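One structure below.
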Amino acid sequence: MKKERIESLKFMRVVAMNLVVLIHVTAVASSNVPVDHFLYDFYLMLNRFTRFEGSVFVFLSGLVLFYNYEDRPFTLKTWLSFYRKRFMFILGPYIFWSLFYEAFAYFMGIRPYMGITAIVQNLLSGTSYYQLYFIMILVQLFFLTPLFVFFIKKSVFMYKYLFIVGFILEFAYVLLNKQYDWISYPFFMVYIGSFFFGGWVGIHYQRLNNLLSKKAMAGLSLLTVGLGLLYTYDFFYRYTLKDPLVNYYVFIMVKMLFFLLACYLLFKIGIWVERSAHSSVLAIIERLRIYSFGFYLVHPFILVIWGRILVPETWLQFNLFIFIRLILVLGCTYLFIRALHLMFPKAWFLFGNLPDPKKHNV
């Protein structure tokens with residue numbers, strides 16, 4: 001029996017989608033604004049404090065998958081259907097847009113043509129363009145999902161403490177890989193904490209699907225922001241000034257805790273939004289939600305185009321154009337995806353599994 005869809009998650013997806021665009025648009029400020037300028041801290045917050053967006057996407061994937069599959073029959077039919085749906089709707093768009101960005105990078109003069117072998121290697125490693133590595137991490141996690149579900153079915157400890165297991169595994173992997181440099185390509189272990197935390201929330205969703213008290217929400221928000229500030233400024237001192245505030249072990253732990261708490265905070269805010277927001281607001285969120293995967297795939301090339309058009313000549317223009325580009329990239333990306341969706345409503349290889357725009361009034 002198919003479970004009821006968790007409507008509150010669409011708010012999280014839309015927030016993460018917008019943060020991805022914000023981070024990429026403001027990246028130019030990180031390398032061009034002097035560290036002693038008063039605007040540097042402003043851009044640091046926009047570009048570094050917001051880096052939990054990847055964890056949000058992985059958290060959502062874990063939550064939805066474990067929520068839907070943890071109590072289904074563990075059969076070959078179940079998982080073959082799972083692989084067919086997941087990989088068709090993620091690998092199809094991934095391959096299409098990877099090839100698009102290979103051509104785009106060449107014709108825009110971003111990099112030279114390196115031959116078919118290099119293109120195939122980029123496809124396998126998620127390096128055809130800077131945002132595509134993340135898709136390969138999701139593919140790895142999807143591929144291993146049956147194994148993860150098997151563990152929670154067989155182990156009471158895993159069922160109860162999946163989020164702790166994920167945190168320990170990710171923390172250990174990050175530290176060991178830094179020391180021994182085992183793996184340099186995009187690898188799922190860098191997000192296993194977020195995936196298992198989302199999975200744990202999915203397993204226990206009926207118990208966690210409630211609003212926190214005002215005091216608890218305020219406490220969670222303050223703790224999340226505090227950890228986020230420590231992570232953000234230690235990152236700045238560590239990698240820009242080469243003078244870290246805390247040792248590397250503490251830095252990684254703070255980073256992981258911040259990302260996970262940010263996910264949980266957004267999860268709780270999403271519940272409140274779903275229950276409290278006006279229907280027109282929820283309709284806008286839903287329309288943006290269905291295009292979130294498309295936003296992730298499309299926005300980089302639109303950002304490049306607007307970057308070539310809006311070339312600043314003064315310091316004022318430099319700062320002004322960043323926010324003009326942000327608005328233009330968000331707007332143009334939506335219109336581009338919307339137009340293709342209306343023209344090719346069944347073209348799953350473009351943006352994944354989208355609803356029929358006529359039947360669902362989207």
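Just so you know, glycine gets a Cβ as well, placed from its N, Cα and C.
Nobody curates TrEMBL annotations by hand; they come from automatic prediction.
Residues or ranges marked as domain 'Acyltransferase 3' by TrEMBL: 7-336. Residues annotated as transmembrane segment in TrEMBL: 12-29, 49-67, 87-110, 130-152, 159-176, 182-205, 217-236, 248-267, 288-309, 315-337.
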Checklist line | Recorded stretch that, among 12-29, 159-176, 182-205, 217-236, has the most CB pairs under 8 Å to the transmembrane segment (49-67) | finding: 182-205
Next item on the list: Kindly say whether the transmembrane segment (288-309) and the transmembrane segment (182-205) touch, using the definition of 3 or more Cβ pairs under 8 Å where each pair is 6 or more positions apart.
Entry: no
Checklist line | Winner by Cβ pairs under 8 Å against the transmembrane segment (130-152), considering only 12-29, 87-110, 315-337 | finding: 87-110
Next item on the list: With a Cβ cut-off under 8 Å, give me the same-chain residues at least six positions beyond the ends of the transmembrane segment (12-29) that come close to it.
Entry: 39, 43, 46-47, 50-54, 56-57, 59-60, 131, 263, 266-267, 270, 285, 288-289, 292, 295-296, 299-300, 303, 307, 319, 322, 325-326, 329-330, 333
Margin query: With Cβ-Cβ distances below 8 Å as the criterion, list the same-chain residues six or more beyond the ends of the transmembrane segment (315-337) that contact it, or say none.
Written below: 18, 21-22, 25-26, 28-29, 32, 39, 288, 291, 294-295, 298-299, 302-303, 306-307, 351
Next item on the list: Mind looking up the mean pLDDT for the domain 'Acyltransferase 3' (7-336) in the predicted model?
Entry: 96
Next item on the list: Would you mind listing the long-range same-chain contacts of the transmembrane segment (159-176), meaning Cβ under 8 Å and 6+ residues beyond its ends?
Entry: 152-153, 182, 189-197, 199-201, 203, 248-249, 252-253, 256, 260
